[in-house]
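Student: For reference, the structure I am asking about is given below.
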Amino acid sequence: MAHVLVVEDDPFVRSALIRQLTDAAHTVRSVGTALEALREVAQIGFDLVILDLGLPDLDGREALKMLRGITDVPVIIATARDDEAEIVRLLNDGADDYLVKPFSAEHLSARMTAVLRRVRASGGRPGAPQDDELRVGGLCVDPLRRRARLDGIELDLTRREFDLLAFLAQRPGVVVPRKELLTRVWRQSYGDDQTIDVHLSWLRRKLGETAAKPRYLHTLRGVGVKLEAPR
Ligand code: CA
């Protein structure tokens, strides 16, 4: 069983794919544009991405490059073009395999199994099942199961607190600007700083720390927020 992201703008192809994958006991999320796909993989650890090459917003090759810029998750390209030169380029750009449409459920399943086996055999990559948990010091965040533990103790987080923590845990030590938190975690293009501050203070309390004596969550005034293991 794998957690799969389907990136496909054609609603018919998309629902067929979702049906095939869920029938095979995989869990699936689906989006119709490359930008949505980038947002998804930045926030959730997938085992595999199935990427359609003909997306409305970005060229397939561009989309793959951008995906590769943020994640090592295995990518199977689904292409209507049986163009060998293009397929070779994509494999060189970091695709793990490809399927030429239309393909059968059996074919898809065989390719997926092979790709997942290869990735797992090579010791996994970030995002692969054995490596799902994000660890920052004594903090463990499991984006797949939406659970977080601090020093082995389960944290009771609201949805937003979890999203915020998981987002920061994916980039430990990196100062994330507030504006980025707002767009990536809250999915708003504008808003006031108070929204973030309030959630940060709740999250802080659950982590057993205060703004005056931070351990994991550090606010840099006027700059942003970072999550870092205590020294
Ligand atoms: Ca398409």
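The backbone N, Cα and C atoms fix where each Cβ goes, glycine too.
So TrEMBL has the following annotated:
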DOMAIN    3-116  domain 'Response regulatory'
MOD_RES   Asp52  4-aspartylphosphate
DNA_BIND  131-229  DNA-binding region
DOMAIN    131-229  domain 'OmpR/PhoB-type'
Student: What are the non-local neighbours of the residue listed as '4-aspartylphosphate', defined as same-chain residues 6+ apart in sequence with CB under 8 A from its CB?
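Tutor: Long-range Cβ contacts: Val7, Glu8, Asp9, Asp10, Val13, Gly60, Ala78, Thr79.
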Student: Could you give the number of helix, strand and coil residues in the domain 'OmpR/PhoB-type' (131-229) as assigned by DSSP?
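Tutor: Looking at the domain 'OmpR/PhoB-type' (131-229) with DSSP, the answer is 33 helix, 23 strand, 43 coil.
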Student: In this predicted model, what is the average pLDDT of the domain 'Response regulatory' (3-116)?
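Tutor: Summing pLDDT over the domain 'Response regulatory' (3-116) and dividing by its length gives 90.
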Student: Reported in the order helix, strand, coil, what are the DSSP residue counts of the domain 'Response regulatory' (3-116)?
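Tutor: Secondary-structure breakdown of the domain 'Response regulatory' (3-116): 55 helix, 26 strand, 33 coil.
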